[in-house]
Amino acid sequence: MPTAVIESLDHEGRGIARVEGKAVFIEGGLPGETVEYRVLRSKPNYEQAEATRIVRRSALRVAPRCPHFGVCGGCSMQHLDTLAQAATKQRVLEDALWRIGKVKPGIIYSAIQGPAWGYRYRARLGVRLVPAKGGVLIGFHERRSSYIADLGVCPVLPAHVSALLPALKVLVASLSIADRLPQIEVAVSEATTVLVFRNLLALKKADEAQLRSFAETHGVQVWLQPEGPDSIVPLHPRSGPGLTYTLPEFDVALDFRATDFTQVNVHINRLLIRRAMQLLQPAPGERIADLFCGLGNFSLPIARRGATVVGVEGSEALVARALENARRNGLDSRTEFHAANLFDATEDSLAALGPLDKLLIDPPREGAIAVVKAVGPAQQPARIVYVSCNPATLARDAAVLVHEKGYVLRGAGIANMFPQTSHVESIALFERP
């Protein structure tokens, strides 16, 4: 077996080594380690490989907590100390900002950290009936594969959800549509756990009875999703407490449905909002836009600080949820929400929002290139806070703001929203000089 010395980690958590002038990306290797490896794929300029033996160990290597680590693709960094994970993600962010955007933040914000385990309050579990593997499999995709990893436990899920996995497999195996049920959506709030079963075929009465019994036995709500995300309906109980998460620092509670987009990590979400408010500094009399606002996660805290908020979101269902959340929190007089496709934003559409003092952007992985290009003579907010879930698109958009629009990147830092994974969430502040 060939050997290599790992120099650093890439954005997927793989070790990077140089062997005879070629980059080798080695799964399972950590910086400073000498590893034996097996090549999985060879290209002219690089190779993909996996470590087969650790010859010299890093002091930052830890024992993975999950017995499925290495097979399940849900986590890629359980073998690395949690603090070192955050440091690695910070380096990934800084590298992307410079390599792609040719920008450097004035300061690096301290990493936003929270619980390393049991944090994942939302998850989409794949389901497959595979008789050759013993029946029903429930879990995330296997690493480098479309197959489903057969999970008995999952320590990044809340403990009570992880404990349900064996019983869920038995439940699905008992249903007449076991081979036509591709996923189970999990949504956990402070008082409620909802399981949404994606049923491609109608359930028989015996199936419904099994699901009701499961819901009662385990104290969860069972919903069905026969079509798209908006088709979900409760099976048992027919009516019960809804899903809500709270932001105590801002005296805000937000209602949501199981298939709505919300942050998976409630602890980090609260700290991220606190950081965003510290950077944005909303004040009474200001008019602030929250773009990609979802159901009001940032909008309502901004409004609670006294500013007027204009929220824009592509999903009409989420706009309706934001309007209702504003009303329930007594903030409807300081908020307005609109449905619009921000990927088609123009100078005119941004100007139509009216004069803006500041801007908060929280886009999906695709980033907000149309929005940042639309910042122009008619709309020049003094301060922009950008919350990102993809360093590459943040760096691309930062290049436009800094090199074309005249903003200064005052600071940037990561929020460890997904511990044990290579996912990098971050926040950045841009200001006019």
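From the backbone N, Cα and C atoms, a Cβ is placed for every residue, glycine too.
Summarising the annotation, Swiss-Prot assigns domain 'TRAM' to 1-53 and lists sequence analysis as the type of evidence.
Mapped onto three states, the DSSP output places Cys154 ([4Fe-4S] cluster binding site) in coil. Sequence-distant neighbours of Cys154 ([4Fe-4S] cluster binding site) (same chain, 6+ apart, CB under 8 A from its CB) are Cys66, His68, Gly74, Gly139, Phe140, Val161, Ser162, Leu165. The feature [4Fe-4S] cluster binding site is assigned by Swiss-Prot to Cys66, Cys72, Cys75, Cys154, with sequence analysis given as support.
The S-adenosyl-L-methionine binding site annotation in Swiss-Prot covers Gln263, Phe292, Asn297, Glu313, Asn341, Asp362 and is backed by sequence analysis. The C-beta environment of Phe292 (S-adenosyl-L-methionine binding site), restricted to residues of the same chain at least 6 apart in sequence and closer than 8 Å, consists of Val312, Glu313, Gly314, Leu342, Ile361, Asp362, Pro363, Pro364, Ala368.
Mapped onto three states, the DSSP output places Cys389 (active site, nucleophile) in coil. Close to Cys389 (active site, nucleophile) in the fold, though at least 6 residues off in sequence, lie Pro364, Arg365, Met417, His423, Val424, Glu425, each with a CB less than 8 Å from its CB. Marked as active site, nucleophile by Swiss-Prot: Cys389.
Proximity to Cys72 ([4Fe-4S] cluster binding site), defined by a C-alpha to C-alpha distance within 10 angstroms, is shown by none of the binding-site residues Gln263, Asn297, Asn341.
Annotated pair Cys75 ([4Fe-4S] cluster binding site) and Gln263 (S-adenosyl-L-methionine binding site), C-alpha to C-alpha distance, rounded: 17 Å. When the domain 'TRAM' (1-53) is classified with DSSP, helix, strand and coil residues number 0 helix, 33 strand, 20 coil. Neighbours of Asn341 (S-adenosyl-L-methionine binding site), defined as other CB atoms within 10 A of its CB across all chains, total 11.
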